[in-house]
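Heads up, the thing below is written out as C-alpha cells.
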C-alpha cells in the first residue's frame, strides 16, 4: 500500500525539476502548461506541467515531457510576477485529497508497534509453557522402554535397592503372581540415600525395563512464578497418569516440593504447601486410583512432610547407600567397559583403596584416569593412572606451580611429619598411604591415610588416636620450630567437631554419660529452628564445652609426649620430605622404624620452591559420619600454613 501511495503521488514518468531548472525552461519558452497543486495528505504544494524537449537523432518531432516542481507559490510574489511575465498570469489551482493514503500513513507506526509486541509475546509464551494457557499443564516427560538404553545390568553396587525396585517391574509385567495371594503393588516407593549413589540411575533402569508408560519429572518443575501453577501441574500430571494406567511416575528431588509444612517465614512457602497438599490428595485421597505407582528420590528425607511418608502414599522406603568394597568393584567394572584398560590394571585393589566413594565419584575416577592416560600419550589406562586419578578425586590435583618460601616449606614438612609419625606409631589408626608437601587442592601438604576395610562404627580408642594424630601437626611445629602457624586450623576445627560428637551424640564422655545432647542442626528450616529449644541447661552446656576441651587437650598432651620421645624420627621424616617432597607408605614406615630410608624415591623435577599446606587428610572411614570438609578425620581439610 505504501508503494502504491507513493506511485500515485509521484505519477508515471513525471520528471522532478528544481526551481532554477523551471526558471531556465521558462526563459527558453519551452513550458507549455502549468497547474498549481495542493496535496492535503502530505501538505505539499507544487507546480505541475509539461515542457518540450528537442527531438533526438531517431525522433521526428519534439517530445512533450511532464514535470513537477515543489514550490510554495502562494507566498512567493517574485515567482508569481516572473510567471506572469512569461505568459502565465493566472494559474489554475488543483487540490488533491488522498484519504486512504493519509489514513494508512497515520496508523502505520501503531501497526508496526502492535506487530512487534505480538511477535515478542508469542516468543515468550512459547518459552514459558508451550502456549498461553499451558502454565498449569504438567511438565512430566513420558518415556518408554525404547527411549532409554539404561537397564538393570547397568546398575551395580546397590543390589538390595535394585531387587526392591525390580519387584515393581515384575508386578507390572505379571500382576497375577502377586494378586493370587492377596498382595497389592506398593502405591509409592521412596528412594533415599547420599548424593551420587544411583537413585536416578535406578529410575532410568526402571524406565528401560518396564513395559508400561513412565512419567519423569523433577520436584522443581512444579514450582512456577505464578500462584496456583504447582497444584495445577500436580493434578494434570496424575490425570495423564490415570489415562495411561498402569504406569509409573518418577519424581526426582521430591524435597523441592515435599518439604514439611508450617516452616519458614513469609508467604513464599504457601504456594509450595498448596502444591504439596495437591500431591498428598492425588497420591492417597478420595479420587486416588490404583495403577499409578509413584517413585521418588531424595537425599534429604529428614525435611519431608510426615504425611507424605506414611504408608498409602510411600509404602516402601528403599535405602541406596554408599557401596561396599564388592559394590565399588562392580561399579568400577561397569564404567571400565567404556575405556581401554590395560591388563595390569587391578580394579579389586582400586576398590579397596576407595572406601566412602559413591558411584558418581567412581565414575568420575575412571574418567579422570582415562584423561590422565590420554594426556601422557598412552594407548591404554594402567594401574598408576588409576591410582593418580584416585588421589586427584579424593585429595585434589597437585599444584606444583604454587611458589612458597623455604621457611614455609620447612613448616609444612615438620607439620606433615608430625601427623605421619603419630599415625605410624599409634595402634588404632588407618594405614598411611602417602605423605607429600606438594600442594593438593586447598591443602599445602597432605598426609593421606586409607582404611584397610570399610568401617561403619567408630570405636572410642580409634577416635582418641585420630584426635592425637590431628594434633601432631601443631605439636611438631611447636617442638621443632619454636612457633606455631595457622596450618593447624583445619585440624583444630575437625578435631573439635569429632570431640563434640563423642560428648553429645556417642556417649563417650564418662562425666556426662550416655545422654543425647546434640541440637538438631541438620534441620535447615528457619521456622523449625525458631520453634526448637535447647534440651539442656546452661550448666550442662558449660560441662559439654569442658569435656570437648578435655578430649582435645588430652590428645594434644599425648601427641606432644610421643613426638618428644621420637624427635629423631620426626626430624628424619621432615628432612626426607624437604628433599623428595613425596613419600609413600613403605618409605614413611621405614624412616619411622629405622630412622633411615634404603629405597628413596627419585627427586621431583619441580622447583624446590613448591611447597604444601600443613594439613592431613584421611578418607571417610565411617560412611555414616561425614561433614562438609575433607581431612584427617572424616571430612578434615587443611588451612593455610
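Positions of Cβ are set from backbone N, Cα and C atoms, glycine also.
Feature annotation from Swiss-Prot assigns active site to 416; the stated evidence is sequence analysis. Cβ neighbour count for residue 416 (active site) (all protein chains, 10 Å cutoff from its Cβ): 33.
According to DSSP, residue 199 (ATP binding site) is assigned to a helical segment. Non-local neighbourhood of residue 199 (ATP binding site): 191, 192, 193, 252, 297, 298, 299, 320, each in the same chain, at least six residues away, with C-beta under 8 Å from its C-beta. According to Swiss-Prot, the ATP binding site annotation covers 193, 194, 195, 196, 197, 198, 199, 200, on the basis of sequence analysis.
Residues annotated as Zn(2+) binding site in Swiss-Prot: 415, 419, 491. In the three-state DSSP reading, residue 491 (Zn(2+) binding site) counts as helix.
Positions annotated as compositional bias 'Low complexity' by Swiss-Prot: 599-610 (among others).
For 630-641 (among others), the entry in Swiss-Prot reads compositional bias 'Low complexity'.
Taken from Swiss-Prot, the feature region 'Disordered' applies to 593-641.
Sequence annotations record features per position, and here Swiss-Prot assigns transmembrane segment to 101-121 based on sequence analysis.
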Please identify which of 193, 194, 196, 198 has the densest Cβ environment, defined as other Cβ atoms within 10 Å, among these binding-site residues.
198
Determine the Cβ neighbour count for residue 419 (Zn(2+) binding site): the number of other Cβ atoms within 10 Å of its Cβ.
33
Enumerate same-chain residues with a sequence separation of six or more from residue 197 (ATP binding site) and a Cβ-Cβ distance below 8 A; give 'none' if the list is empty.
158, 320, 321, 322, 323, 358, 359, 360
Alpha-carbon distance [residue 419 (Zn(2+) binding site); residue 195 (ATP binding site)] in Å
31
Measuring Cα to Cα, tell me the gap between residue 198 (ATP binding site) and residue 416 (active site) in whole angstrom.
36
Between residue 416 (active site) and residue 491 (Zn(2+) binding site), what is the CA-CA distance rounded to a whole number of Å?
12
Would you list, in sequence order, the residues of this chain other than 193, 194, 195, 196, 197, 198, 199, 200 that have their CB within 8 A of the centroid of the site's CB atoms, where the site is the one recorded for ATP?
297, 299, 320, 358, 359, 360
Using a 10 Å cut-off, grab the number of neighbouring Cβ atoms around the Cβ of residue 200 (ATP binding site), all chains included.
19
